[in-house]
Amino acid sequence: MPLPRRQTERGFFMVTVNGEPLADAAGQNLLTFLQQRKTPVDNVVVELNGTIIHRPEYEETLIKPNDKLELISFVGGGR
Amino acid sequence: MSEEADLLTIGGHTFTSRFILGSGKYSYDLIDSAINQAKAQIITMALRRTDSAEENILNYIPEGITILPNTSGSTNAEEAIRTAHLARELSGSHFIKLEVVPDKKYLMPDNNETVKATEVLANEGFIVMPYVLPDLNVARQLVDAGAATVMPLAAPIGTNKGLATKDLIQILIDEIDVPIIIDAGIGRPSEAASAMEMGADAIMANTSMATAQNIPLMAEAFRLAVAAGRKAYLAGPGRIIEHGAVASSPLAGLSK
């Protein structure tokens, strides 16, 4: 019986997203990943392993196993 | 002086409004009307981990409003610098409201770490607006480090206690050449007016509106108070007689 697609192509490698482990993100590019999460791309900044990824680089940036992603947005706040 | 000529200049950018709005603790639905009633041109926002379920605040900000990201949540210079970098990427602008607050109980800013972060960020081209406990020496260090404004607290964040640091703020107004923007603690429009009369360049407020029964109406009240205080400052308030009284009616020609 063939392995599930996800397992063969990406393996069961964990990625950490905003401090939480996530099983199935590795192998995706950032743009697809954000779109699937329904993250508004106009209100997110992505830090990958401590480095900011600029918006035009989302599509060419592949998420690798053990990557640490921080997805940060503007929220209400002020005094 | 005409109203057109009375501009607030921050890092080379000019504003006609002297009232900066916060966006915390109230429904995003009210942001638009609060901005309109306040006639605010700058609104501050925090950065947090994305929660896909949460509404996108940017959808509620009218066109032409300057977003002033803040570094709230940062407890030292290093964290604040990281947050500023994230904010610049997100906003596309160089404005940063620098908040370094290690203390959880009183939310007191760390002035020393704030000076450190100001120096780094100003060198990187940020328009740095640091939030501090009012202290003349620190304010001078901030200016030397490249701060665009100094934002002293009037009272602890979120307390609505008013101008508790009034005398210390007055020293900054008198001695510091960059705009002094009163940040935190202003609870009533009368206090905003009072600070503007003293010569403050602008007022930043959030909780005082967010905790009001009618947020847009309070935003309007603040706008009027800030404008009134500013006009009074420009007009030059009259002198105070500490003892006795001075009649304003003629003393001659009394009919007895």
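Heads up, the Cβ atoms here are built off N, Cα and C, so glycines get one too.
In TrEMBL, annotation is done automatically, which means it is predicted and not curated.
The 1-deoxy-D-xylulose 5-phosphate site recorded in TrEMBL comprises B:A184, B:G185, B:N206, B:T207 together with one of B:G158, B:G236, B:G238, namely B:G158. Around B:N206 (1-deoxy-D-xylulose 5-phosphate binding site), the C-beta neighbours below 8 angstroms that are at least 6 residues distant in the chain are B:L21, B:G22, B:S23, B:G24, B:K25, B:T44. B:T207 (1-deoxy-D-xylulose 5-phosphate binding site): 21 other CB atoms within 10 A of its CB, across all protein chains. For the domain 'Thiazole synthase ThiG' (B:9-250), the model's average pLDDT works out to 94.
DSSP assigns B:T207 (1-deoxy-D-xylulose 5-phosphate binding site) to a helix.
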